[in-house]
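A.B. asks: Okay, here's the structure, questions in a sec.
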Amino acid sequence: MIQLDPTLLLSWRAGQHPDAPMHNDQRYMTGFGNEFASEAVADTLPVGQNSPQRVAHGLYAEQLSGTAFTAPRGENRRSWLYRMRPAAVHGTFSLIEQSQFHNDFGHGPVPPDQLRWSPLPLPQTPTDFIDGLYTMAGNGSPEAMNGVAVHLYAANASMQDRFFYNADGELLLVPQLGRLRVHTELGMLELEPQQIGVIPRGVRFRVELRDGTARGYVCENFGGLLHLPDLGPIGSNGLANPRDFETPCAAFEQREGRFELVAKFQGHLWRADIGHSPLDVVAWHGNYAPYRYDLRRFNTIGSISFDHPDPSIFTVLTSPSDTHGTANMDFAIFPPRWLVAQHTFRPPWFHRNVASEFMGLVHGVYDAKADGFAPGGASLHNCMSGHGPDAATFDKASQADLSRPDVITETMAFMFETRAVLRPTAQALHAPHRQGDYQQCWAGLRKAFQAPPAS
């Protein structure tokens, strides 16, 4: 049974009676990377220290570190958890043979082809979130602590007596179909399509499906923690604003029984028996915690004169690399917006990129592709692979009346852009839902060049 009572936190702070009614939005604390404090039972958090000799209510104090102890203060991430049992209490791990969810990106040749897939089919047998993960591509490694893995998920069952944590990286969840209720050690995230959630490395959780079936995308970030991009001359506001990020208030389960703890460690899945729910954190404080963000709140920036700016203006979150100005991974979106540029080809232009681009579509239609790119589908354009609008989109935009704005509605596309080449997995290359004729979308782009008469 979930015991979720953030009103106790409010009463502790504001003298409000714990039984006072509250709205759903009070189950979250707002801000990005803030120093939060939350307790599901009043008077649990120690005052003025982290690790008292005896924690209130017979709990244990445990620190969860997401960065090195000596990381600069502005980049340091850690939280103190006050829980019923330490995280060390579980059985011995044994290896799980799992063929779909892994970090095996191969060592052979990577085709330079543009790649596209139809939506991952929904399962026909009971499949929970973990069993429904399907690895598409990746680079780097958990060992080196750089790079990413890109996965899809398709599930039709909730995780009941099963819990998961990822020691290899933080997880960026992008639901496309169906709502998720993610129960974590630090509280509960409710996610729906057009929202995203981030689960930090090491945080234990289970996923409940609210609508029976679910599908979406996952970016597993092995590198530097995701943070907001610098705004430069945009100024102090814009893009994803910090106040719109939400971190859950403390909540806990108090269950004992025969449960399974699944860990992802060094690219493999492991399982251990555990005799209690590990979601037993009664209170916590710190800045290393899950969070969610509603993509519909993104403050889109664009040109109001001419030309189409670089897609970096659509960045929601970025994972830094060791090269200044070059990300390990950028998460960008292409949301509803107005296009008003004059003397300009308004859709995204033709492009070859030193970075590699994995795209997905959460909702609607992507404005650079008239057909073939469906919600739940995906595309991969690796380093220097030419890409851009299909022939139908090019013809339409080339003849458009620019005295009228293009009002793009009913869309939400996104991109994981990575510094290193994304190596597609064997299962992705040979998947029955891969569109083998993807290149044909550019076949209609005919030569129209006419040299002017010689003078």
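Placement of Cβ uses the backbone N, Cα and C atoms for every residue, glycine included.
As listed in Swiss-Prot for this protein:
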{"type": "ACT_SITE", "residues": "His308", "note": "active site, proton acceptor"}
{"type": "BINDING", "residues": "His351, Glu357, His387", "note": "Fe cation binding site"}
{"type": "BINDING", "residues": "Tyr366, His387", "note": "homogentisate binding site"}
A.B. asks: According to DSSP, does Tyr366 (homogentisate binding site) sit in a helix, a strand, or coil?
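C.D. replies: Looking at the DSSP assignment, Tyr366 (homogentisate binding site) belongs to neither helix nor strand, so coil.
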A.B. asks: Report, in whole Å, the straight Cα-to-Cα distance of His308 (active site, proton acceptor) from His387 (Fe cation binding site).
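C.D. replies: Cα-Cα distance, His387 (Fe cation binding site) to His308 (active site, proton acceptor): 16 Å.
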A.B. asks: Neighbours of the Fe cation site His351, Glu357, His387: Cβ within 8 Å of the Cβ centroid, same chain, sequence order.
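C.D. replies: The answer, listed by sequence position, is Arg352, Asn353, His381, Ser385, Gly386, Gly388.
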A.B. asks: I'd like to confirm something. Which of the binding-site residues, His351, Glu357, Tyr366, has a Cα closest to the Cα of His308 (active site, proton acceptor)?
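C.D. replies: In terms of Cα distance, His308 (active site, proton acceptor) lies closest to His351.
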A.B. asks: Counting only residues 6+ apart in the same chain, whose Cβ is under 8 Å from the Cβ of His351 (Fe cation binding site)?
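C.D. replies: Sequence-distant Cβ neighbours: Gly386, His387, Gly388.
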A.B. asks: Which state, by DSSP, holds His351 (Fe cation binding site): helix, strand or coil?
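C.D. replies: DSSP call for His351 (Fe cation binding site): strand.
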A.B. asks: When you tally the Cβ atoms that lie within 10 Å of each candidate's Cβ, which of the recorded positions (His308, Tyr366, His387) has the highest tally?
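C.D. replies: Answer by Cβ density within 10 Å: Tyr366.
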A.B. asks: What same-chain residues, at least 6 away in sequence, bring their CB to under 8 Å of the CB of Glu357 (Fe cation binding site)?
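C.D. replies: Residues satisfying the criterion: Ser379, Leu380, His381, Asn382, His387, Met415, Phe416, Glu417.
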